[in-house]
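Peer 1: Following this message is one structure expressed as structure tokens.
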Amino acid sequence: MNIKGKHYRTVWVSGDGKAVEIIDQTKLPFKFEVVALTSAEMAATAIQDMWVRGAPLIGVVAAYGIALGMNHDASDMGLQRYYDLLIKTRPTAINLKWALDRMIDTLKDLCVSERKDVAWALAAEIAEEDVALCEQIGLHGAEVIREIAQKKPAGSVVNILTHCNAGWLATVDWGTALSPIYKAHENGIPVHVWVDETRPRNQGGLTAFELGSHGIPHTLIADNAGGHLMQHGDVDLCIVGTDRTTARGDVCNKIGTYLKALAAHDNHVPFYVALPSPTIDWTIEDGKSIPIEQRDGKEQSHVYGINPQGELSWVNTAPEGTRCGNYAFDVTPARYITGFITERGVCAASKSALADMFADLKSKALQGEQH
């Protein structure tokens, strides 16, 4: 992503190779600050407190968390301790477990003296893979947008609705749901994005920050405005991300995604999910089996932003002592999804389509579970 003319990724290794640097997303879009993570404990805090967020990025930072841990204690006990520390930070996003399992499976049979270097190399490999996957999703998704553009009068704008932030800030680079939009924009297809504010963490502000940095027209809307826009023909398609997708195609994503899918279904608006393969949980069929994270009620009862003095602060919006139900995710059944935009192409949201497209990965994942 370009910020004031300079390209950034969301995570990178420091110049001295001893730390992992991230962009503190809790300060965006008001302040751009880089934080150096120097331990597995700091990586865990960064994930838990949402300095970084988005399923793919969480996985990458967790992998680097293991590498950071190997700097301090590469013993069997240390490896397991860092795994246990990181795995409990965010229970819903499957990329976290996928990345940590990959790290521990590779490191556990190595000599202690070899683990540090291999851990850093593998974490970097996982990061590079994420960039490649997301760019491919963008290329395939841009064709979906092009097909819709071709059905409209020449020069007409394609209006796309997205929920939460599944862009560059949710991955290492490019993003998932926003990657097709970036590619379409680069290819000269006129697009406009309806950006859900996405309460309570207001990730829509992050999406607006991204799109604005790339010069892509967009409008920030209240979460409940999407259905109205669809009823009036102002949405050509929806593209969202996913934190975990089951083997049969049910999608767990940011709370409110399900309601957007229902509105899209009722108004015959195509509803696509940008799906990188590491986000598929082949061990779960029914989306109801996915653990749904419940976060601190303060996120619900307070708003975090910048005050007139230019300071970041919390503002209470509810009576003191109000009980809050802060569910972070919901599940959209596969029947409401038009298709998955993956790194290998676009497929139907069904068990058979996913199994056909990713037969090799499914087999490998299930074999790993058996061991």
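Every residue gets a Cβ built from N, Cα and C, even glycine.
Per Swiss-Prot, the features are:
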BINDING   Arg53, Gly54, Ala55, Arg90, Gln203, Asn253, Lys254  substrate binding site
SITE      Cys164  site 'Transition state stabilizer'
ACT_SITE  Asp243  active site, proton donor
Peer 1: Per DSSP, Asn253 (substrate binding site) is which: helix, strand or coil?
Peer 2: strand
Peer 1: Can you grab the distance from Cys164 (site 'Transition state stabilizer') over to Arg90 (substrate binding site)? Cα atoms, rounded to a whole Å.
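Peer 2: Cα-Cα, rounded: 17 Å.
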Peer 1: Compare all C-alpha positions of Arg53, Gly54, Ala55, Arg90, Gln203, Asn253, Lys254, the record's substrate binders, and send over the largest distance in angstrom.
Peer 2: 17
Peer 1: Rounded to the nearest Å, what's the C-alpha distance separating Ala55 (substrate binding site) and the residue listed as 'active site, proton donor'? Just drop the number here, would you?
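Peer 2: The Cα atom of Ala55 (substrate binding site) is 5 Å away from the Cα atom of the residue listed as 'active site, proton donor'.
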Peer 1: Give me the long-range Cβ neighbours of Arg53 (substrate binding site): same chain, 6+ apart, Cβ under 8 Å, in sequence order.
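Peer 2: Correct list: Gln25, Ile47, Asn165, Leu169, Ala170, Gln203.
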Peer 1: Helix, strand or coil at Cys164 (site 'Transition state stabilizer'), per DSSP?
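Peer 2: For Cys164 (site 'Transition state stabilizer') - judged by DSSP and reduced to three states - the answer is coil.
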Peer 1: Which of the three DSSP states, helix, strand or coil, fits Gln203 (substrate binding site)?
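Peer 2: SS state of Gln203 (substrate binding site) = coil.
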Peer 1: Kindly assign Gly54 (substrate binding site) to one of the three DSSP-derived states: helix, strand or coil.
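Peer 2: Reduced to three states, the DSSP call for Gly54 (substrate binding site) is coil.
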Peer 1: Tell me, if you would, which residue among Arg90, Lys254 (binding-site residues) has the fewest other CB atoms within 10 Å in the structure shown?
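Peer 2: Lowest Cβ count within 10 Å among the binding-site residues (Arg90, Lys254) is Arg90.
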Peer 1: Please report the Cα separation of Gly54 (substrate binding site) and the residue listed as 'active site, proton donor' in Å, rounded to an integer.
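Peer 2: About 7 Å separates the two Cα atoms.
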Peer 1: Including all protein chains shown, what's the count of other C-beta atoms within 10 A of the C-beta of Asn253 (substrate binding site)?
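Peer 2: Asn253 (substrate binding site): 27 neighbouring Cβ atoms within 10 Å.
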Peer 1: Between the Cα atoms of Arg90 (substrate binding site) and the residue listed as 'active site, proton donor', what distance do you get, rounded to the nearest Å?
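Peer 2: Cα to Cα, Arg90 (substrate binding site) and the residue listed as 'active site, proton donor' are separated by 11 Å.
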Peer 1: Please work out the number of neighbouring Cβ atoms within 10 Å of the Cβ of Gly54 (substrate binding site), leaving out its own Cβ.
Peer 2: 30
Peer 1: Determine which residues of this chain, when Arg53, Gly54, Ala55, Arg90, Gln203, Asn253, Lys254 are set aside, have a Cβ within 8 Å of the centroid of the substrate site's Cβ atoms, and list them as they appear in the sequence.
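Peer 2: Here the non-site neighbours turn out to be Ile58, Ala93, Cys164, Asn165, Ala166, Ala170, Gly241, Asp243, Ala328, Phe329.
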